[in-house]
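Read through the structure below, which is laid out as structure tokens, and then see the notes.
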Amino acid sequence: MFFRQAAFGVIALLFSGHAVVLAQTASSPPAWQTGSITEDGTCGPNSPGQWVCTPTWGACCGPNGLCGRKEACGTGCQPGYGNCNAPPWTGTPSPDGSCGGTSLYNCTGSAFGACCSAAGTCGNTAGHCGPGCQPLFGTCPPSNVTADGSCGSANGGKVCTGAAFGDCCSASGYCGDSTAHCGAGCQSTFGTCSAPSNVSSDGSCGANGKICTGSGFGDCCSAQGYCGGTTGHCGAGCQAGFGTCSGGSGSISTDGECGPRNGKTCVSSAFGDCCSGGGFCGGTTDHCGAGCQSGFGTCSTPSDVSSDGRCGANGKTCTGSAFGTCCSSTGYCGSTTDHCSAGCQSSFGTCNGGSGSISTDGRCGANGKTCTGSAFGTCCSSGGYCGSTTDHCGAGCQANAGTCSSGSGTISTDGQCGATNGKTCAGSGFGNCCSSGGYCGSTTDHCTAGCQSGFGTCSSGSNTISTDGKCGSNGKTCVGSAFGNCCSSGGNCGGTANHCGQGCQRSFSSSCITNNIPSVDGSCGPSKGGWTCNGGDFNQMCCSPGGFCGTTSAHCGTGCQQGYGRCS
């Protein structure tokens, strides 16, 4: 909106992103001040209502009939429908700390602060620069930064600069940092634009001509065309022409996990050839259908993972995308509360509540999924699997991820268990077996002769020990197996950091790492479960301020989280 006051001979405009006051005579105002205000950012004689521009869209009517700033104010600017390179005049700096009102004093350049509060006083506090700040009489923080990833004249004039989605506004009105966003057609009025770069901005490389060196995903380009820093990226098949390579073993998944997080493929793995949107190998419709990651296995249908941040109405899912796994009510991928809560479209990604949190693969608890409403059973066991047996619904059952026949409050907190106190060891930090003497642990003395099966897991008999390397959901334990004493989140026995670190199933293991637990999926830091970048595929990497393992300056420099990996 505009401030007009002929008696004082001034008007206020938004000039170069800041509120300024422009000098005018007391005569009739320019023609563009008396016209009909634009409704969609178009202007000039060919617009629907021969509209004039406002500061919301940009005060200048450019030669292309679009309101804007900078370029729109120069050559070809249409003076009858907007401001064209009018010289700025900041008004009289406030001599006494007052602003606006009848004095029309401006805080910009005053000694009291640059913001003019709703009460008409200059200052720099949140009370001055926050809600009610008067942009006509001082400087106010921008309020038109997009919250959902949409931008440009077709989306309310929202800008990308400073947004979480990227600083460039694409020709189609979406924020991002890729060449598609920042290159040809980029809307400079609503963000930054740059010449195309050959550094990958979305984690893909190789066939598209993009390199991984200097990207935020890792410096190696895998055989499948994804950037990363794991053996799967830097070893066999690594594309030396598009990043660094170090040699190493193949990239076939050995623990059932796959995708860009660890660079592993499901093709020829023992778990199935399809890599699901959640990053697990298998051969079911859930693995091979919607969300299937074709870059890390075979898929029965074309990949429908969003490649531009849009989802929902266009049939694209956010699961497995580089923008975030939640599809907002307005159809944009992301990971903020606005994306993952109210209105979140669970059919096209994950959501913090509603049907999107129901388990589709039988796993629950630590992954945020609930068994209530699932096809596997309504109880979530201490090991993180849905079912309806006593083992699922009884001792150790996770009540926050399903229904239980007895509360999870029975888990031992002091290492004592059994009939004397009614406490179970399943899910405790002392070990999952309750010995004959009533103490939790994971040794042979705890888990064999005399072990109280009603208050934890027991290894009574060799028939419970895994003979094929599979564990967890099949009731088999890795303790005493030939494969290793840890049962990974994917249900495989082993002794590596990937088995004993993040997701290790304590109910079927005896050697789960309990301190400085290595990350399996690349997340780290106190906000990401406390996982570290020490050990496993991410060993010796840095934990970024956002909680992800990596080796770039963004990971290892300012904000690097000490204690969760190395820092420069």
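Heads up, the Cβ atoms here are built off N, Cα and C, so glycines get one too.
Under DSSP, Cys115 (disulfide bond) is assigned to a strand (E or B) in the three-state scheme. Contacts of Cys115 (disulfide bond) defined by a Cβ separation under 8 A and a same-chain sequence distance of 6+ are given as Cys107, Cys122, Gly123, Asn124, Thr125, His128, Cys129, Cys133, Gly138, Thr139, Cys140, in order along the sequence. According to TrEMBL, the disulfide bond annotation covers Cys115-Cys129 (among others).
Feature annotation from TrEMBL assigns disulfide bond to Cys168-Cys182 (among others).
Under the three-state DSSP scheme, Cys234 (disulfide bond) falls in the helix class. The Cβ of Cys234 (disulfide bond) has 24 other Cβ atoms within 10 Å, all protein chains considered. Residues annotated as disulfide bond in TrEMBL: Cys220-Cys234 (among others).
Marked as disulfide bond by TrEMBL: Cys274-Cys288 (among others). Take the CB of Cys274 (disulfide bond) and look out to 10 A: across all protein chains shown you find 27 other CB atoms.
The annotation disulfide bond is assigned in TrEMBL to Cys326-Cys340 (among others).
Residues or ranges marked as disulfide bond in TrEMBL: Cys379-Cys393 (among others). Taking the Cβ of Cys379 (disulfide bond) as centre and 10 Å as the limit, one finds 26 other Cβ atoms among all the protein chains shown.
According to TrEMBL, the feature disulfide bond maps to Cys433-Cys447 (among others). The Cβ neighbour count for Cys447 (disulfide bond), using a 10 Å radius over every protein chain in view, is 27. According to its DSSP assignment, Cys447 (disulfide bond) is helical.
Per TrEMBL, disulfide bond is recorded for Cys486-Cys500 (among others). Sequence-distant contacts (6 or more apart, same chain, Cβ under 8 Å) of Cys486 (disulfide bond) comprise Cys478, Cys493, Gly494, Gly495, Thr496, His499, Cys500, Cys504, Ser509, Ser510, Ser511, Cys512. Cys486 (disulfide bond) falls within a strand when secondary structure is assigned with DSSP.
Positions annotated as disulfide bond by TrEMBL: Cys542-Cys556 (among others). Annotation for Cys556 (disulfide bond): spatial neighbours Cys542, Gly550, Arg566, Cys567, Ser568, criterion Cβ-Cβ under 8 Å with sequence separation of six or more. Classification of Cys556 (disulfide bond) by DSSP places it within a helix.
Marked as domain 'Chitin-binding type-1' by TrEMBL: 96-142 (among others).
Restricting the average to the domain 'Chitin-binding type-1' (148-195) gives a pLDDT of 77. Here TrEMBL flags 148-195 (among others) as domain 'Chitin-binding type-1'.
Per TrEMBL, domain 'Chitin-binding type-1' is recorded for 202-247 (among others). The DSSP breakdown of the domain 'Chitin-binding type-1' (202-247) into helical (H, G, I), extended (E, B) and coil residues amounts to 7 helix, 7 strand, 32 coil.
TrEMBL lists 255-301 (among others) with the feature domain 'Chitin-binding type-1'.
TrEMBL lists 308-353 (among others) with the feature domain 'Chitin-binding type-1'.
Annotation comment: TrEMBL describes 361-406 (among others) as domain 'Chitin-binding type-1'.
The domain 'Chitin-binding type-1' annotation in TrEMBL covers 414-460 (among others).
Per Cα geometry, Cys168 is the residue among the disulfide-bonded residues Cys168, Cys379, Cys393, Cys433, Cys447 nearest to Cys234 (disulfide bond). Contact check: the domain 'Chitin-binding type-1' (202-247) against the domain 'Chitin-binding type-1' (96-142) gives fewer than three Cβ pairs closer than 8 Å, residues 6 or more apart, which falls short of the contact criterion. In three-state terms derived from DSSP, Cys182 (disulfide bond) belongs to a helical segment. The local packing around Cys288 (disulfide bond), expressed as other Cβ atoms within 10 Å of its Cβ over all shown chains, amounts to 22. Annotation note: Cys379 (disulfide bond) sits in a strand segment as assigned by DSSP. Cα of Cys326 (disulfide bond) to Cα of Cys220 (disulfide bond): a span of 28 Å.
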